[in-house]
Structure formats: structure tokens, C-alpha cells
């Protein structure tokens, strides 16, 4: 036993040696400085100090006071003079802890009381059983007597009925013997009709009784469901109130006492309120109306004014071409959350602001029991466009030719020579600044030319499906060869499906080499006719006029093959080639008339704009009064600047044209949100139809020709039988607006290798939502394209065994059926996993686990070496010695 000196102990406990000696003396031990103190003496001193300071027992308090304070607000008065008063309720309770002996005595009394109560309950139960037995015997005797009496009465009635029937048959036989054969036949027929009528009446009465019984049963069932629902709500409300009841202590005894005191106070307050009301009613001899102040307002009635409909309300829901989920819910008078739940059950995950198409909205409306009324949002637009005077029979029209090519290859000079007018000299640096549209009367017929700066307008028209161009003339300088814009022109023409005529210009120069041009264009799959292809190559010189006639003949030959026809009378329609805001004349649009006759004063609906034509000018600036098919004209008088590619249509009524234009402007945003989603690498496979070859369209731009060829070759080799890589456009240099327009129109992605997009191209990317990606490592580019192609492949699934259990014994369960007592020998067994039952290593059943237990507890999984009980869904033929194989189906991600 460890001993310490008195000095050391005083230092440890933080007191003086003299004070410690005095405390030892009070405890009955004599000590002085320097003496040693053992463990037993320490315990004696500690016990003495506890008794001296009142801590002989537990340190818990014997009395506890709880205070509770609640605050609420009470509105006093009515009308404008009402005010709020803060009400504070304070409660104070004191709980006294019983001593151990009192607690023991109380528990003994409770035990005796419980035993006495159990004995009394047993006696009451026995007495009740004796009374029930006596009542049962009396009831049986009474029932037996009544049964015998009823049987006796029934026998007497049957005997009397037989006697009456015998007498009736005898009288009927006598009467029948006295009848003639005709009377006998009529009597038999009347008897048969009477029996048939009686059977029909009995059948109708039976059906009516069955219907009434079914109606009563249905009403009783509905009432039972309503009562059950109400009882469940009341029970939940009561549980919620109990849950919200706040106690100041965790002791169950204190909580019971607190609840009992609350109940007593509530009961007393209810009694006081009843007495006060009764006293007021007894003393109130005069009508309450007379006691009110004159002019005081009468209290409002609490009666509900809404009557529940007797049957579900079926509504006619009007659905436009697009409608949001929230608006559809409002039209059906249902909550948006309920509508979203319904669509989730139908397999559609939507939000409240998501736009639905007309077909989907109609299915949802029918699912909720309403009638969809499909409304065309553009009904007014169709009415305006249908109320037009169409022309008569079609007649041949002039071809519309678009001239394309690289900068400074002589496009405008070629047109200039054809028109015999020097237009190029007036333009900056001889480069076309805007779209020029000209029609030329030649000795071979009329031809309309579109001279484009680049290819933006042509791509825009192709993207809108305008089809304004009939033939493309590709101008290539014989001394310069194929250049980047030349390649872009070929790509645009092929994407639009427009026939191509190649004009090899500048043949009068010394360095002209037409064979080089043919070789370079053949690499772009533009094969000359003399090489076995289908493209006409015309060598010419815009400076000397050499080959111009051959070019015009080639154009007219191509137009004859296309058999171009249009109406030359009636209301005109066309397409906007270009538009601008002129400082002195306002919005000016160059319109190419495609059919009909356009006149000055006509009301034109042009995309989002409208207006009456105030003036018309041809390409030379000369004012004209009318223009027929394939004639380009400038028109003035529109409300705003239309977009290139918009359709221009002549209508009858200016007011309706304004309404249609305003509607289109309001609809523009909705259409932009609801239109088909652009191609993204993440969801490219969504556009792939089953069984078809998926195509990944790419517009590729690189910094140098070597990288471009290497990337193009690598991407093309990635194509498989299921996914095809289609490079629809490629080139060296920065990404331009033309590339973005081509990608937007062809549903492609734009890939840049060590190049960046121009500012205008970046703006167009945001507007058109085109997927634009930059790379600096060729392997990253190929890996991402390969990953996108892998996402477009059909998924593959594989079954993997995750556990094996051996059946040791079979038990019967009244709820589930046969329960297999198993030992898991391999892997893990999971609940609700698909399983196979094996007998002698042969699969005899395949299903899923319905129950998985371990020691009567439901578990989610059981691991190797553990016992468990397994219930197989819809299968009870499990025998000892069988094996249960648990597996799961996993999706294997396919790669190229």
C-alpha cells in the first residue's frame, strides 16, 4: 500500500500542513508534520469531509424546480382600431426526489396494487365467461324451439299448398276436357306467355336488387375509406402534437407529472369557460342584436361557400404548339407539382418552366382525364398566307446563279464583262463590299447573278431551306490555283446539293495553268467532264472576254436540265438576299422574286418585319413598278431590317400583316428555346435512330496543312460499321463565321487545332449554340472524338455471379412460403438481386430474392461464411442440397 508524507499530501491537495493536521484530528487520527499517511487513512479523511459538508450520499439534488415561459400575441378590437397585445404565461413546478426507502415502499405498493388488480381482472373475466356461457345456452334453446316451430309451420303450409295445387290441377283438367282443340291451344299459349312474363319480372327484380346491393357496398366502401383516412390523419396529428410537446426534463416520472398537471389546468379552464357562457346566456333576456352598438358590424359567418363537385370535372384544355408545364397546370386547374409527378410516372423528367411540345402536352392532358383541344398558334399567319391570289400556270424562268471563289480571283470582273458595265472600279480595292444581285439579258436568254462577299448569305439561305440558288459558278484563277475560300465554296455547294460549274479565270496571263486547277479540284472530288466526271470546266478571261459565251451556254444548259419553272402572275413571294439600314431611305432589302409579280404598293410580310412597298429599284438604281420571277429588286418601306434568308410574301391586309409580324416577334424567343437542340459531344447519340449508322459531323480547322492532313486521316480511320466520322469542312487558318454557319446548318461540331475563332465567329457561336472545341495535342483531339463515338455505340450487358449459397434446411412460412436455411459459401448474397436455383448443378429456376433474413432480422446482404434465411419470389420447390446462385447484370462500356 503506497504511503506519502503529510507535507506531500498537503502540497497535492492545495492546503497548509496545519490545516491538514487539524482535519486529521477531527477525523479521529493524530498526525503531525513529517508523518506518513497510507491509503486507508486517506479514505477515512475523505469520508469524514463528505459527511461534514453534507455529501454523504449522492451528489444529485433532492429537489428540482422547473420554470416554463411561453409568449403569444393576442389581437384586441376590430377594424382599424385593432391592436396586438403580448401575452406571457409563466409556469413553475417543483419536483422532490424520494429517498431510497420511500422509493422502495412506493414500488412495493405499486406491485401489490398491480397484483390485486390482476386478481380482480381474473375474477371479472371468469364471471363474464360464466354469464356468456349461460346466455349462449339460453340462446341455443330458444333458437332450437323457434326452429322446430318454424319447421312445423312450414310442413303445414306445404301440405295445404299441395292440397290446393291438387284441387287446381283437377279443376283445370276438367275445364281442359270441356275445351275445343283451338281453345286448348290458346290457353297453352297464354299460360306460356304468363310464365315468360313472370320470369322476366323476377329477373328484372333480381338485377335491380343486385345493383342496389352493389351501390350500397360501394358507398359503404367509400365511407370506410374516408373514415380510415380521417382516422389516420387524426392519429398522425395527435402523434405530431405529442412530438411537439416540450418537456423540461428527461425523467419519465417528471414528464408524467408535468403532463398530468397540464391536463388538470386545461380541464379547469374548460369548466370555467362553460360556466361563464351559461351565466351569460341565463342573464341575456334581450336579443343579442339589441345589445349591440348602433352601426356595429355583424360577425362574419364561418360557413364554407364551396361545394365539392359530385363527379370529376372534365375540362377542354387548349394547347398551342408549345406550352410550359406551369401554364398547362393552370389550364387544367391542378398543382404544378402534381403535374410533374404525373409526367415522372409517364417517364418524363421536367421542370415547371420547361417547354412541352403539342403532342406531349396532349398525352398528359388525356392521362389526367381532360380533353385536349389542339390549337395552331399560327392560325392567323396561315389565314393571312392562304388568302392570297395565286398565279396561273407555270412558265420557264431564268436561272439564279451564285458566283463564288477566292478573294481577287475575278468574280466581279467576270460579272462586269457580262453586263458590259464597269462596277468593280467603284469598289474599295476592287473587292466586293456587299452582295450584288444582277439580272442580265444575253443573247442566249436571261440569267440572274448573285455576287457574294464570302459565303455567309448563301449558307444562311441554305440553313433556312430557301433553295434560292440554282447553279453555283466557282471562279478559280488559273495562275493562283485552289485557295482556302475556293475549298469552302466547294464544301458549301456540296452540302447544299447545288450543281457546280467551274470557271477557270485569268487564262490570258502567262502563268495560267488550267491542268493544275483541275488536279487540285479533283482532290476535292470535283472531277471535270473530260476526266469522266460531271462538272463543267470553262476556261475564260474576264479581261479579254474569251470563254464568256461558253460559260453562259453551260449555265443555260444546266438550267434546261433542271427544268426551272415559276408562275409569272399573281401575288409575289421571294427571298431576302441582303438587307441594310440606309441613312436617307430607312430599311432597304434586296429581294429575289421567286414566283408571282411584285408591284409597287403591295403589302409585304418579310420575316419579323412588314410594310407597304413605297419604291422599287433594280440593280442599276432605276425605279421600276413591277418585277417578275428571278428578278432581284431593292424595296423600301419595311418596318425594320429583315434578316438575310427571310421569306418575303405579298399579303392583302396591312393590319393583319402587322399582327402576324408582332406575333412572330413575340414567338421568336419561345421558338429559340424549343427548337431542336444543337449537336453536342455529350448527347450526340440521342439523334441516332436504331439500326441506322450514326454520323459525327466535324468542321476541322488547323494551323498548318501537315497537321490538317494528319488529323483528317486519323479521324476518317476511326469510322466503323456503326459510327461514321464525316468531315464536312476543313481548312488552314482561324475559325471564321463561314465555318460556324456551315456547322450550324449541318448539325456539326467545330474543332480547332492550334487556332482560335474570330470575334465575329465567337459571337455567332453563342447565338447558334454550336459546339466549339480547341486542342493543342493531336492525341487529345482523337481521344475525345473516339470517346464521343463510343457514347454513340449500343450498350452491352453482362451477367456477373456475386455469391453462392448452399441450402442446409427448408422451413415453412405462412406469409412467404418455403424459406431456405442457407450457408453462404462464396461471395455475398444481396436482397432483391436476381438469382438462379441449381439442383445437381443444373439451373431449375431463375427469379429474384424476396426475403433475406439473419436471426429473424431483415438484412440487405449476407457475406461469405454466414448463415441466413432466403425466400425466393414465387417459388416454393426449394429442397435441401440445392444451391442458390446470386448474380447481377452490369453494363459494359463499349470502346472502339
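Cβ atoms here come from the backbone N, Cα and C positions, even for glycine.
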Ranges 405-412, 413-420, 421-428: which does Swiss-Prot label region 'G1'?
405-412
Could you tell me which of the ranges 400-404, 430-434, 435-439, 440-444 is annotated in Swiss-Prot as region 'G2'?
430-434
Pick from 497-500, 501-504, 505-508, 509-512: which range has region 'G4' per Swiss-Prot?
505-508
Can you dig out which of the ranges 451-454, 455-458, 459-462 Swiss-Prot describes as region 'G3'?
451-454
Just how many other Cβ atoms lie inside 10 Å of the Cβ on residue 408 (GTP binding site)?
14
Return the count of C-beta atoms lying within 10 angstroms of the C-beta of residue 507 (GTP binding site), excluding that atom itself.
20
How many neighbouring Cβ atoms, not counting its own, are there within 10 Å of the Cβ of residue 411 (GTP binding site)?
27
Hey, what's the Cβ neighbour count for residue 405 (GTP binding site) at 10 Å?
24
